[in-house]
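K.L.:
Input: one structure, supplied below.
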Amino acid sequence: MRTLLSRVLAGLSAALALLLAIPAAAQGFDTSARAAWVYDMTTGTVLLEKNAHEALPPASMSKLMTIYMVFEALRQGRISLDTTMPVSTKARQMGGSTMFLNEQDRPTVDELIKGVIVLSGNDACVVLAEGLAGSEEEFTRQMNARARELGLNDTRLVNASGWPAPGHVMSAADLGLLAERLIRDFPQLYTNFALKTFEYDNRAPANIHNRNPILGMGLGADGLKTGHTQEAGYGLVGSAVQNGRRVIFVLNGLGSERARAEESERIVNWAFGQFTMQTVIPKGETVAWAPVWLGESRRVALTTDDGVNVLIPAGAAAGVTAEAVFDSPVEAPIAAGQRLGELVISVPGSVESRLALFAATDVARAGFMGRLQNAALRLGQRAMAAVRG
């Protein structure tokens, strides 16, 4: 049985989401970045892919994996934010962006996290790696193992800092998925990514500003990490929230710092402006009623696990349809949570998407008299259908 659901698709607040893939032809966005990935985290929708699975040098953007390992160690209780760590000569000798640490320092984990995120401190990465695993080499081995567990299939890391090295690569999609895990797994610690400045012991006052260009643009941005080397070019893993929607994007291989800032602003405006989130089925609402055969009740409510939201390209809302598909009637007994059908969502310019429908309540099998009444009713319905036919 197919039941077309007539609903006004208004822009309501989101519950959880239904995955909808928007085809590349409908995207209408060209970027000068070598690789790009744009993702609507609220609905689980990939909005844009360009060379997204090509393993490229990530520069300092791979520091996100170092931070993920540190956040996990905090959650596991292996360290605390107040834990201090020694600074090795190797850490002190790191080039590029640093916190200007020396062997006499004993920075806290909290200071080192901020030093990595805000200052992009290569020395801070080595201190954290050695403090957690004994050596940067062992820490890197652990990072690669954890990356595989997280499904980052295009990731191969050689060090903790993203310092240029042969074979140190990540794809734009992997960086984006890692950003999603940081946001989802560590919401309280994630707030560090929105810090605009950090100064350690009054050192290098010229190097206290976060290089993330979108933090000060009024776009709702709250993270995450820039990267730049001569080989990699300029890149950014960014995230922003507007009107209850969170978008994550990754750009890599841009030609200049200015291009990174301009392209980041442009892609955020496009992601929020080109697509609107619409609620097809609010969380907890009955999607349809399925007739029941030989049950104590003559019908059962069908629901989804969560609310159903879709991203719709601008101007396409009127063409969205939702259809409940299920066998009818459903024979009792029926258990609450039993899968009975599916909800088919059609969005203009998008692939058709399907979501399971479940029984909202138990329906017990009727007794003898109830089954007799059901049978009589069913025979009557068939007779009426035959007459109409």
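Numbering starts at 1 and runs along the chain as displayed.
Each Cβ is built from the backbone N, Cα and C atoms, and glycine gets one as well.
The model shown is predicted, which means the values in this text are computed figures rather than measured ones.
So TrEMBL says this about it:
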ACT_SITE  SER60  active site, acyl-ester intermediate
ACT_SITE  LYS63  active site, proton acceptor
ACT_SITE  SER120  active site
BINDING   LYS225  substrate binding site
DOMAIN    275-365  domain 'Peptidase S11 D-Ala-D-Ala carboxypeptidase A C-terminal'
SIGNAL    1-26  signal peptide
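Could you give the neighbours, burial and distances for every feature on this list?
P.N.:
Neighbour count (other Cβ atoms within 10 Å of the Cβ, all protein chains): 26 for SER60 (active site, acyl-ester intermediate).
Within the same chain, the residues at least 6 positions away from LYS63 (active site, proton acceptor) whose Cβ sits under 8 Å from its Cβ are VAL116, ILE117, SER120, CYS125, ALA160, SER161, GLY162, LYS225, listed in sequence order. LYS63 (active site, proton acceptor) carries a helical DSSP state (H, G or I).
Counted within 10 Å of its Cβ, the other Cβ atoms near SER120 (active site) come to 27, all protein chains included.
Secondary structure at LYS225 (substrate binding site), as computed by DSSP, is strand.
Across the domain 'Peptidase S11 D-Ala-D-Ala carboxypeptidase A C-terminal' (275-365), mean pLDDT in this model comes to 83.
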K.L.:
What are the helix, strand and coil residue counts for the domain 'Peptidase S11 D-Ala-D-Ala carboxypeptidase A C-terminal' (275-365) according to DSSP?
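P.N.:
In the domain 'Peptidase S11 D-Ala-D-Ala carboxypeptidase A C-terminal' (275-365), the DSSP-based counts are 3 helix, 51 strand, 37 coil.
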